[in-house]
Amino acid sequence: MADQSEISFAGIFAISAFSSCFAEFCTIPLDTAKVRLQLQKRATLGEAVGVSKYRGLLGTIATIAREEGLFALWKGIIPGLHRQCLYGGLRIGLYEPVKAFFVGSYYVGDVSLFSKILAAMVTGAIAIAVANPTDLVKVRLQVEGKSPAGVPRHYTGALNAYYTIVKQEGVAALWTGLGPNIARNAIINAAELASYDHVKETILKIPGFTDNVLTHILAGLGAGFFAVCIGSPVDVVKSRMMGDSVYRNTIDCFFKTLKSEGPLAFYKGFFPNFGRLGTWNAIMFLTLEQVKKYFI
């Protein structure tokens, strides 16, 4: 990433939050499709056994748009933007200070990959611990399908969802799924930030490549791919715990999913997840790199 040494924490927080929100708005239809695929069981009530309602990324998007309207693909965008303001700003804004803490303020030379991964895991965990309520509301709104005639919706919007969850389930319910969410975001943040730096450095060593838009896009896609490969299992558990109340805890969700659907269930929605996360990273890092130029 571009040098952040001349940018204040408030500045890098604002840049990161803006870049993350922009990427979120562009890619949330893919995220909505991913969540629906992850939560989909082998058979849906009222359908033939073994028949899946949602099939593939494009098929899921088409089904949601046809049955619920095009704007249903942006369900959860408000809490999604809330999440990115907090999570996106904190995880990147804290990355350099935490990395400096691990290696020492006066360290000179290349920082080891281990230190980068450790710093990214810590900042990812801290950031999502703060932003977990926004993640929960986003998933709840994405999970809600089109209600049958005469059946009221659970939530009328993001603010109503926060209020309803606190009123019906208690304040602590806003941190439902915190365990797998911390695991997911610590792992994915480490995969994204460390792999982005590494992939970018590798690309720049190839003759003809410079630190330009193409390099940022390729490095962002690489970061997204590694993040999905590593983080998909905890992402599935996180989505299921937040979207379905039948699980007692993280371990219960993991073993029930494994027993009923097999190990491949943890990679449900892999391609839409990569389509979303790869695109998200490409847009976010590209925006981040371009906006930083105005501050350095």
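Any Cβ shown, glycine's included, is placed from N, Cα and C.
Listed in TrEMBL for this protein:
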- 7-101: repeat 'Solcar' (REPEAT)
- 111-202: repeat 'Solcar' (REPEAT)
- 211-294: repeat 'Solcar' (REPEAT)
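Under DSSP, residues within the repeat 'Solcar' (211-294) fall into helix, strand and coil as 71 helix, 0 strand, 13 coil.
Mapped onto DSSP helix, strand and coil, the repeat 'Solcar' (7-101) counts 72 helix, 0 strand, 23 coil.
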